[in-house]
Amino acid sequence: MSQHPTTYVPKSAFGKWFESRLPLAGLIHSSFIAFPVPRNLTYFWTFGAILAFMLVAQIVTGVFLAMYYTPNAAMAFQSVEHIMRDVEFGWLLRYLHANGASMFFVAVYVHIFRNFYYGSYKAPREVLYILGVIIFLLMMATAFMGYVLPWGQMSFWGATVITNLFSAIPVVGDTIVSYLWGGYSVGNPTLNRFFSLHYLLPFMIAGVVALHIWALHVPGQNNPTGIPIKSGKDAVPFTPYATIKDIFAVVVFMLFFAYWVFYMPNYLGHADNYIPANPAVTPAHIVPEWYFLPFYAILRAIPDKLGGVIAMGAAIVIWCFMPWLDTSKVRSTAYRPLYKQFFWLFVVVCFLLGWLGSRPAEGWYVIASQICTAYYFAHFLIVLPVLGFVERPLPLPNSILESVMGVQKVGAGVPAGANAEPSSKG
Amino acid sequence: MPNALSRKALKTCGSRFCSMLESHVAETTTHVAEPTRRDFLYIATGAAAVVGGATLVWPFVQSLAPDAATVAAGAPVEVDLTPIAEGQIVKVFWRGKLIFIRHRTAEEIKAAEDVNVASLRDPQPDSARVKEGKAQWLIVYGNCTHLGCVPLGQQGEYHGWFCPCHGSVFDTSGRVRGGPAPINLPIPPYTFASDTKIIIGQEATA
Ligand code: HEM
Ligand code: FES
């Protein structure tokens with residue numbers, strides 16, 4: 001930062017004493033106060049802060065729920081009803097936690113599609129991005145195991161269907177599944193271990209988030225133009241600019257969150273989960289939580305058990321290869337007229353898959369799921385690599401400053417691609 | 001190799017002292033090219049750490065397996081067939097797993113037998129799925145072989161079972177006839193103790 005010192009100098013004597021022993025204040029200063037952020041960031045860049053807030057919210061509500069919850073197959077359902085009826089504000093804790101999981105996924109999907117749109121996964125942010133995919137996988141595992149805890153019908157059958165995915169593995173599949181269950185079917189040992197892991201995984205997420213932020217602070221944030229900070233004029237200091245904006249966004253997001261919690265707390269759940277688990281009867285229409293639906297649709301689109309499981313896993317793993325599948329030298333879709341259309345088509349296909357995942361697996365729904373699944377993979381394997389070669393990107397601005405202030409101040413634009421960097425460096 | 005580097009440096013130096021040192025270094029270098037006792041110790045320590053680590057992981061993984069109480073609860077169960085009416089399907093549990101006992105009607109048996117076995121996904125004649133002379137009793141595991149839901153009885157194209165989860169279809173012999181399920185509903189081990197009583201979890205050899 002031009003107008004800020006890059007090295008932190010403690011003012012008080014205690015500060016100096018402490019800083020020379022553990023430079024914590026300096027780390028906070030360089031990461032969250034003096035850290036230069038591009039001056040043109042939009043509200044799409046506040047979802048990282050929203051996600052951090054949601055993780056803390058889930059941990060705080062979860063730790064309190066765990067004080068009143070009983071992880072035993074004979075008592076779990078009752079203990080959740082006990083939380084709802086008897087524990088002071090138990091209903092609020094549970095509704096915050098259950099809807100919080102959904103809000104967490106709303107935020108993470110916005111965050112992920114922001115990365116897709118602005119090419120934030122490209123060099124030099126590949127490691128940062130792949131750490132994000134790992135966080136997403138851990139979130140999925142955490143949410144899945146959390147949903148099992150109330151031990152209702154959807155909990156039980158969701159657990160049965162998802163753990164059975166592993167039985168598709170040739171030869172050792174059935175052994176793996178009985179080791180997941182700790183028995184011959186989903187039962188009390190399964191509930192116990194899921195509770196243990198449901199408590200553990202969020203803290204592992206917190207650990208990966210720390211790496212994620214560390215990796216972010218090496219190249220710095222991407223921005224709507226996709227071109228890097230070139231001078232101090234392209235950036236503003238994190239505090240107060242980003243800090244205040246992030247806090248404001250978190251507050252607005254909390255209003256959205258509160259709307260669900262106070263006005264339709266059960267809308268995102270399933271009524272069947274208020275029926276205690278019954279291993280003899282499967283609910284007529286079993287569907288996962290909304291945030292898993294697109295992947296569930298991909299699973300069902302493939303008429304082969306192992307094939308379906310592989311396709312579902314590949315649907316996420318393929319994200320990790322995006323930095324290399326995307327051959328375009330231009331990061332931001334704002335300068336990629338052709339890709340922009342494919343991007344939105346991809347978004348539509350993802351929503352369609354989500355909707356199809358909520359439909360029964362019959363008739364034309366199956367065919368539609370198959371077409372969407374094929375397109376989903378084609379987007380990564382065909383559209384991304386090919387467009388980089390055939391597309392003519394729009395001229396990029398010379399700098400972030402120019403994109404904000406207008407060209408007349410800084411001079412004419414440059415030919416397409418001239419400001420794009422080779423993918424090997426930042 | 002630090003030795004090789006310093007040897008080069010000593011050579012370019014040129015002084016008598018350096019050349020003396022150089023010949024010394026050259027000697028040690030030839031020794032170093034052979035595997036030394038230290039190399040052996042490195043490998044032995046590394047191997048011990050890997051084996052030790054793997055040995056330590058084993059009890060943790062093994063603790064996840066079905067425990068002794070669960071295995072003990074898998075003792076055979078007796079089921080009285082007299083109350084099960086023709087056309088009825090009864091659900092029982094053995095080892096925590098759901099089992100269907102289906103008292104098949106004459107048409108259901110005929111439908112199961114009149115099938116071109118070769119055309120099936122998991123080819124098995126009906127006779128291989130029931131005990132001899134007891135074709136009216138079909139005893140199968142009650143979880144869909146796709147992802148474990150409980151299929152609904154007397155439904156689907158073949159009036160055997162239909163799985164509501166992802167649409168697998170089973171016939172009146174519990175054989176898969178459509179949908180994503182890869183294999184037939186498996187047959188649990190069981191034996192007829194008498195004409196009206198079966199023991200699930202015990203094979204006929206006794
Ligand atoms: C990544 C963060 C987390 C996510 C996404 C998450 C998700 C969920 C979900 C979806 C449920 C089911 C809610 C319902 O339908 O009732 C649940 C339940 C539960 N979670 Fe979490 N959770 C997280 C963190 C935690 C933590 C850190 C703890 C404990 C320290 C915890 C403790 C519980 C308990 C005790 C329940 C059962 C009570 C209930 O069902 O409301 N959770 N969680
Ligand atoms: S579990 Fe029966 S079809 Fe999937």
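Each position is counted from 1, following the chain as shown.
Note: Cβ is positioned from N, Cα and C throughout, glycine not excepted.
Because the structure is a prediction, the values reported are computed rather than measured.
Positions annotated as heme b b566 binding site by TrEMBL: A:His111, A:His212. The feature ubiquinone binding site is assigned by TrEMBL to A:His217. What TrEMBL records for A:14-225 is domain 'Cytochrome b/b6 N-terminal region profile'. Among the features that TrEMBL reports, transmembrane segment is placed at A:43-70, A:91-112, A:127-149, A:161-182, A:194-217, A:238-262, A:306-325, A:337-357, A:363-390.
Annotated features, which come from TrEMBL, shown on the structure.
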residue  : record                   : DSSP (3 states)
A:His111 : heme b b566 binding site : helix
A:His212 : heme b b566 binding site : helix
A:His217 : ubiquinone binding site  : coil
Length of the line joining the Cα atoms of A:His111 (heme b b566 binding site) and the residue listed as 'ubiquinone binding site', in Å: 17
Same-chain residues at least 6 beyond the ends of the transmembrane segment (A:306-325) whose Cβ lies under 8 Å from its Cβ atoms: 112, 116, 121-123, 125-126, 129-130, 133, 136-137, 165, 168-170, 294-296, 298-300, 373, 376-377, 380-381, 384-385, 423
Contact check, the transmembrane segment (A:194-217) vs the transmembrane segment (A:337-357), 3+ Cβ pairs under 8 Å, seq sep 6+: no
Recorded stretch, among A:43-70, A:91-112, A:127-149, A:238-262, A:363-390, maximising Cβ pairs under 8 Å relative to the transmembrane segment (A:337-357): A:363-390
Of A:His111, A:His212, A:His217 (the binding-site residues), the residue whose Cβ has the fewest other Cβ atoms within 10 Å: A:His217
Proximity of the transmembrane segment (A:43-70) to the transmembrane segment (A:238-262), 3+ C-beta pairs under 8 angstroms: yes
Integer mean pLDDT for the domain 'Cytochrome b/b6 N-terminal region profile' (A:14-225): 96
